[in-house]
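In what follows, a structure is listed as structure tokens, so that the remarks can point back to it.
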Amino acid sequence: MKLNVDGLLVYFPYDYIYPEQFSYMLELKRTLDAKGHGVLEMPSGTGKTVSLLALIVAYQRAFPLEVTKLIYCSRTVPEIEKVIEELRKLLSFYEQQEGEKLPFLGLALSSRKNLCIHPEVTPLRFGKDVDGKCHSLTASYVRAQYQQDASLPHCRFYEEFDAHGRQVPLPAGIYNLDDLKALGQRQGWCPYFLARYSILHANVVVYSYHYLLDPKIADLVSKELARKAVVVFDEAHNIDNVCIDSMSVNLTRRTLDRCQSNLDTLQKTVLRIKETDEQRLRDEYRRLVEGLREASAARETDAHLANPVLPDEVLQEAVPGSIRTAEHFLGFLRRLLEYVKWRLRVQHVVQESPPAFLSGLAQRVCIQRKPLRFCAERLRSLLHTLEIADLADFSPLTLLANFATLVSTYAKGFTIIIEPFDDRTPTIANPILHFSCMDASLAIKPVFERFQSVIITSGTLSPLDIYPKILDFHPVTMATFTMTLARVCLCPMIIGRGNDQVAISSKFETREDIAVIRNYGNLLLEMSAVVPDGIVAFFTSYQYMESTVASWYEQGILENIQRNKLLFIETQDGAETSVALEKYQEACENGRGAILLSVARGKVSEGIDFVHHYGRAVIMFGVPYVYTQSRILKARLEYLRDQFQIRENDFLTFDAMRHAAQCVGRAIRGKTDYGLMVFADKRFARADKRGKLPRWIQEHLTDSNLNLTVDEGVQVAKYFLRQMAQPFHREDQLGLSLLSLEQLQSEETLRRVEQIAQQL
């Protein structure tokens, strides 16, 4: 259908539209008109992706000079593929309406591991090895040697792409990862470099967060993208953690030992080259005097280790004299390494700021701040000059150099914590240095400054106002949308007591209490008797899950549960978990029914949708607070309190509730889907916890369902499931939660649509 969204003609590839999709498009258009940033919370399963794509593509076509590109960031590869499929649908609808092929290019970009087609590289399992192997076949000096001697190893796909792929831009169309690989096989071009080259003139690019937020990668991939782009972060409820991880470095004793052997290897290589080809080292010295910008003008294939973060003025100036020659630089790294090793020989925990660390460094081993900032770049230049083929071996040393660059660049927003042992195993000496980022806004700030509109969206962003605070930006629109339903298909309830009236909670004091564990088991047992097909249960941590399940086994509860449904458990091993998931789905298909026990913040809670019968009930055992004794977390809470005036308790509750909402949101994946959401902890009933749930869940959480016993909860569930089992046709939805074009244009509907969005 063709819609008029606030004066913009939008092609929408379906015959009917949800009212909230229309409302979402209105808010989105206002954000783009204002050329600002937006935070939008849209209920899960209401067609967020297609609304985003339809509106922004229409905007691109109406104002080609205002918005040149859509950069869509998603979290996992399956999600990226989903977005590309929606885009394909949208485009074929455009072509069917206009009767001609559009000059439109949309593509997905992923790591070499997912795109490489070279027969020697594809069998490798880990991304790091794939990158290293690729570099050893495509580095500029490897290719130069191959020009002289054709028998040397090389990558024919890259050679072919380099020779012919650049003149011909990618033909218009939509490409997912498999399409790119197929095209690569057909033409004999490298799909990875083809995709990287093509994102510059693509209309829509879909890739993962790291390509924009991790400065080491963003510098390589996203540097050339124009300012007039719209960036969308989808499923962005965890975006602050992604930002923090991309800027943090952990150094262990093992890493440092491997740095030592890296340095020895480099030392030998330098000596060998001095004897055979001293001119090469002289050339490098000359380049470094001219400034880093010249030194890094090497080919794209060599830019394998990018720089963590360097402002432009540093790249312009010459490298300090003390680290210009290769031997001096290696000596410099040795002194740095010795100092860090010495710092790791501690008996108690040390916490200090980067400036304090630097002054200690200057006093002990006379290393100044300025040469440290050049460490990462200087190492990159050296590895290039020495023609090191396999860069994966040098990742420990690269990590140390990145740490040096970061520690000398940022004085605020970071902390250094040195722990002599892991808290969980205090007897084993296992020292580790955490260089931990506490300010999520550091990584995302360049994105907000560089692109004219950044949209942060997810099903669970409540409370909305905390995101602009922790990411430090000013949105022009902030809105949360309700879910318009023809029948109430979600049933949230809070179970706070067992049948024996014992309060149930996962808090630390009552965690080991046998009565609480028994009541939790009883809840799962009774639910497994009334809920059809699949139940997903989330615990607060792996430890808690293991101890609870062991206790249920002793009490014979597990045996009774198994009579109703089969049990599957998520473990920390990825391969085991995928098998468990597969079998869980099989058991649901066969009608045997299944229960999946998993962990909030685990793999299952983040990316896996339990559509229809795979998840008819989600049970949240306890409030999923993060492990609060961790020193890194304490430092971050302190920073948030001082810098952004966010109270510790508010942040912890916000963090726990967004994860709880994320877990229970897995059950509802569309308006025809239905499911129970059981919050099993008396603390959920408190106003401060309940108020932090997304608006679309809060609306259906009635006062009568706030503090139930297990029996009352089961009665509510029975009644709800019986209602849901009645036949439900599309006709029942029409005009209420599903609109045709005529209905959408009526005044009454437009008035209703106005009320869906709640601005902040």
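Note that Cβ sites are derived from N, Cα and C of the backbone, with glycine treated the same way.
DSSP gives G47 (ATP binding site) a coil state; it is part of no helix or strand. Under the heading ATP binding site, Swiss-Prot lists M42, P43, S44, G45, T46, G47, K48, T49.
Under the heading [4Fe-4S] cluster binding site, Swiss-Prot lists C116, C134, C155, C190. The Cβ of C190 ([4Fe-4S] cluster binding site) has 29 other Cβ atoms within 10 Å, all protein chains considered.
Per Swiss-Prot, the feature domain 'Helicase ATP-binding' maps to 7-283. Confidence over the domain 'Helicase ATP-binding' (7-283), given as mean pLDDT on the 0 to 100 scale, stands at 93.
Under the heading region 'Mediates interaction with MMS19', Swiss-Prot lists 438-637.
Here the motif 'DEAH box' (234-237) has long-range neighbours at 48-49, 52, 72-75, 79, 83, 456-461, 658, 662, meaning same-chain residues at least 6 beyond its ends whose C-beta is under 8 angstroms from one of its own. What Swiss-Prot records for 234-237 is motif 'DEAH box'.
Per Swiss-Prot, the feature motif 'Nuclear localization signal' maps to 682-695; the stated evidence is sequence analysis. Secondary structure of the motif 'Nuclear localization signal' (682-695) per DSSP (helix as H, G, I; strand as E, B; remaining residues coil): 9 helix, 0 strand, 5 coil.
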Hey, which of the binding-site residues S44, T49 is the loneliest by Cβ count within 10 Å?
T49
Sequence-remote partners of the motif 'Nuclear localization signal' (682-695) [C-beta within less than 8 Å, at least six residues beyond its ends]
41, 43, 459-463, 480-482, 492, 494, 496-497, 503-505, 507, 620, 623, 653-654, 656-658, 660-661, 665, 701, 706-707, 758
Near-site residues: ATP, ref M42, P43, S44, G45, T46, G47, K48, T49, CB cutoff 8 A to centroid
E20, G459
Close in space but at least six residues away in sequence, with Cβ under 8 Å from that of G47 (ATP binding site), the same-chain residues are Y18, Q21
Most Cβ neighbours within 10 Å, among the binding-site residues M42, C116, C134, C155, goes to M42
Compute the centroid of the Cβ atoms of C116, C134, C155, C190, then list the same-chain residues not in that set whose Cβ lies within 8 Å of it, in sequence order, for the [4Fe-4S] cluster site.
R112, I117, H118, V121, L137, T138, F157, Y158, Y192, F193
How big is the Cα-to-Cα gap, in Å, between K48 (ATP binding site) and C134 ([4Fe-4S] cluster binding site)?
37
